[in-house]
There are 4 protein chains.
Amino acid sequence: MFIGDIVGQPGRTAVTQYLPQVLEEYNPDLTIANAENAANGRGLTPKLAEMLFDANVDILTMGNHVWDNKDIFGYIEDEKRIVRPANFPKGAPGQGFTLVRAGNVQIAVVNLLGRVFMGDYDSPFVAIDQILEEIGDASRHIFVDFHAEATSEKLAFAHYVDGRVSAVIGTHTHVQTADEQILLHGTAYLTDVGMCGPVNSIIGMKTEQVIQRFLTQMPIRFEVENGPAMLNAVCIDLSDTGKAVSIERIHLK
Amino acid sequence: MFIGDIVGQPGRTAVTQYLPQVLEEYNPDLTIANAENAANGRGLTPKLAEMLFDANVDILTMGNHVWDNKDIFGYIEDEKRIVRPANFPKGAPGQGFTLVRAGNVQIAVVNLLGRVFMGDYDSPFVAIDQILEEIGDASRHIFVDFHAEATSEKLAFAHYVDGRVSAVIGTHTHVQTADEQILLHGTAYLTDVGMCGPVNSIIGMKTEQVIQRFLTQMPIRFEVENGPAMLNAVCIDLSDTGKAVSIERIHLK
Amino acid sequence: MFIGDIVGQPGRTAVTQYLPQVLEEYNPDLTIANAENAANGRGLTPKLAEMLFDANVDILTMGNHVWDNKDIFGYIEDEKRIVRPANFPKGAPGQGFTLVRAGNVQIAVVNLLGRVFMGDYDSPFVAIDQILEEIGDASRHIFVDFHAEATSEKLAFAHYVDGRVSAVIGTHTHVQTADEQILLHGTAYLTDVGMCGPVNSIIGMKTEQVIQRFLTQMPIRFEVENGPAMLNAVCIDLSDTGKAVSIERIHLK
Amino acid sequence: MFIGDIVGQPGRTAVTQYLPQVLEEYNPDLTIANAENAANGRGLTPKLAEMLFDANVDILTMGNHVWDNKDIFGYIEDEKRIVRPANFPKGAPGQGFTLVRAGNVQIAVVNLLGRVFMGDYDSPFVAIDQILEEIGDASRHIFVDFHAEATSEKLAFAHYVDGRVSAVIGTHTHVQTADEQILLHGTAYLTDVGMCGPVNSIIGMKTEQVIQRFLTQMPIRFEVENGPAMLNAVCIDLSDTGKAVSIERIHLK
Ligand SMILES: [Fe+2]
Ligand SMILES: [Fe+2]
Ligand SMILES: [Fe+2]
Ligand SMILES: [Fe+2]
Ligand SMILES: [Fe+2]
Ligand SMILES: [Fe+2]
Ligand SMILES: [Fe+2]
Ligand SMILES: [Fe+2]
């Protein structure tokens, strides 16, 4: 089970509101969520991380907003349940993947950033090769949250690792795509899982503020929108060998 | 009925293969398709345009690749069934919107480009205001193909014109999104309709070539992939007043 | 006389320290300075603007950082000696050009932003045509601060207006270029005049902080560097008809 | 002696026309030139490389246009006098630095690409550390052609390697900057050396074509401009220990 970018208070509300029924229905061995926008749309705090762990999320992944909230710097070093993008330059705080017991297997959870329209990170293609070598025999069940903008980079990455990881699920655009599939060599794929956040908003932010920025080109600061929230997630079933058996999109509001 | 970016030979095949059954099932008053990638992935030729009109597509929209094939320059000036992005600087060949009779109403078909991660076009927000003023009372049924990359810009544009146009459907990413909805004031919206093209490809292009470009950062030229094709489209129902009544995604392969 | 981007305290110090001798040596009819970075590297305040006017700067131009300091919003509406980029969307506070008496002529001072690697502003090419029409016979002496990144856009703009304005001087890169020239039809041109700010710095900012951001890709906040300051400027001589007679770079430290 | 981006026929003419007198005046131990635009503005051919070697250029460096002309692929593998950017992903043809005998010392010539506004290359900061380790004691005289757009990245890179290399000279913008200096720890620096190419042009290309692209936003193909040419270069004097003693800009037309 993987839950898309949790955006601010409404995103957290969506998790507490909808996750119990989702967990009951799907009964997943492991629940992962992207938390790069959990704190007011920008980054994550230790307190909010604990809140999400208490809500039965097992592992948190991040994205380009990982360092927006400075409170996370020390915490992320010690907390093995948080994974930040692996392709930051060497020396960044925290870890790029983690191994976790789920059901009767070890699952590796990896977080990577795309570069197209994003930033000057290390190559996610080189990084995944290194990570897979590092994981070696420790796990055959490998989940990748690929946090990226361009559909071309997301699809290229997924085909590059097809058969070598269990799932590549995209995040960052905050809009769920409808292209869930199992690639030719057994990797589950979805271009973007979508966000957890306010339904009537622009990718989680106040509609009026975002429109004003487009109209004026002035540096208007965005705030998280209020109102009813939605949860976007994806449920993936894996075989004992780590191949994907099924992938199903979840959208609740 | 709106059909997403038709990519090369497989995209055209998808149209000829699946469109007849779609038209029979939905019986739309008007069929529009984005043809910016119809000619080998780059632009459109007069011959291919005629082929698509013969396949019962009524109107063709374009995108950032509109000028990739030079054969279109003269043709687009005279052919009122082709609409190129309206927010090119004044003086560009062709037209940014067209009025067409469909059922018993006049429908305006508009094509606009986003700017985020795209190019230095005129503001699509300013352009739509001018176009709506120009259309005036000539039509209450207004369809917009908003060809853009960023989900934020697509959503912001849709909310900006909500209630003033009948539908805003995104193109360009070539991946269908799952967020079809009717906005608060009656505008049908989908972030991206997805492409018509080869199923096993990277947004229509050969998987190996795209991966190689990401791996090597060398200027590898992309060719359209072969193999089985899919059609992505969306069907929108409008009331007499031009408000959207329903929106349904179509995905055939 | 045109003085490049004044960066923070060291930039202001450079002005107070070097400007008196420059004014004495060159005795210009008009002294213009770019002040987009005057307030801690980000924007301008009314108080700092007054300080610069007191230091015998006649007109202040701005750039992409114009709105960074909110204190300027109201002030810029009333203060006719401050010019912000003219190619912001209609409705932005302030003015895109101003007319000022200098010697026995009216000089028009224009500020424009480039778009390449910059932002989604209106076209500076379209904007200058409109401004020149608006100016009409009111002035034949027209100075343009073209605030842009790409050398191609700066040169293209200058050639586009060659013979129609008196001078196009670039700002924004903070590094003075050595290509001062009078173009074929009489417009004085320099790709970038350079900044006024700390000598040992990275475009005005603390060397260690900027290097750390490149090394870590983390969102380190930059502060203005301390230490000895330099002044970069350019002196242009115009004929009665508004053609450039000479252009000379100034670099003091 | 380092000569900036040689652009097409006029650039090659500038070299044959002005280099003899420059070599006579300065009598350098080593002459390096950037040749990424030598073949019609796009890449380099073996024949043109030989022509430049015959004109007494010892070493050729490249840039982002290195792969534009396919004829270079095999040649660059064997020709140790051509250096392509070192921070392409592993496996790229050719070499990122070379060692050459000059006077009585070994000089290392390095070529690196910036990433800001450029492309998704490997980090030039990481790359230079690896290269310096690889060079080890083989040379204390190290010249870097840093091919980049942003002044911030060029200055940051130079300060990062200050005292560890002999010179960092920028290329790519095609406009010579006026900030030649020796940094605090002995590295000679110039943000951009400028190009060798047609005087009346936009960074080497036909003025009318570049202006038309900015005006129309259509994909107009650029051709190298004709007419009188200029040479931009820089002469650096090094001590026995590899520290810079002097740096002088050269501009001939
Ligand atoms: Fe996010
Ligand atoms: Fe993100
Ligand atoms: Fe397309
Ligand atoms: Fe497109
Ligand atoms: Fe500045
Ligand atoms: Fe600036
Ligand atoms: Fe170049
Ligand atoms: Fe270049």
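Think of each number as a place in line: the chain as shown, counted from 1.
Even glycines carry a Cβ here, placed using N, Cα and C.
Record note: TrEMBL gives D:Glu36, D:Asn64, D:His172 as Fe cation 2-binding, and the candidate from D:His147, D:His159, D:His185 in that site is D:His147. From the candidate list D:Asp5, D:Asp58, D:Asp145, the residue TrEMBL records in the Fe cation 1 site shared with D:Glu36, D:Asn37, D:His174 is D:Asp5. Counting only same-chain residues six or more apart in sequence, the Cβ atoms lying under 8 angstroms from the Cβ of D:Asp5 (Fe cation 1 binding site) belong to D:Gly11, D:Asn34, D:Ala35, D:Glu36, D:Asn37, D:Gly63, D:Thr171, D:His172, D:His174, D:Gly194, D:Met195, D:Cys196, D:Gly197, D:Gly204. With a CB cut-off of under 6 A applied against ligand 8, the binding-site residues D:Asn37, D:Asn64, D:His172, D:His174 are reduced to D:Asn64, D:His172. By a Cβ separation below 8 angstroms, chain C lies close to these of the binding-site residues D:Glu36, D:Asn37, D:His147, D:His172, D:His174: D:His174. Each residue contributes its Cα atom, and for D:His65 (active site, proton donor) and D:His147 (Fe cation 2 binding site) those atoms are 10 Å apart. Listed in sequence order, the residues D:Gly4, D:Ile6, D:Val7, D:Gly11, D:Asn34, D:Gly41, D:Gly63, D:His65, D:Thr171, D:His172, D:Met195, D:Gly197, D:Ile203, D:Gly204 complete the 8 Å Cβ shell around the Fe cation 1 site centroid, once D:Asp5, D:Glu36, D:Asn37, D:His174 themselves are left out. Listed in sequence order, the residues D:Asp5, D:Asn34, D:Met62, D:Gly63, D:His65, D:Val66, D:Pro85, D:Leu113, D:Met118, D:Ala148, D:Thr171 complete the 8 Å Cβ shell around the Fe cation 2 site centroid, once D:Glu36, D:Asn64, D:His147, D:His172 themselves are left out.
In this structure, D:His147 (Fe cation 2 binding site) is part of a beta strand by DSSP. Here the binding-site residues are D:His172, D:His174, and the one with the most other Cβ atoms within 10 Å of its Cβ is D:His172. Comparing local CB density within 10 A for the recorded positions D:His65, D:His147, the maximum falls on D:His147.
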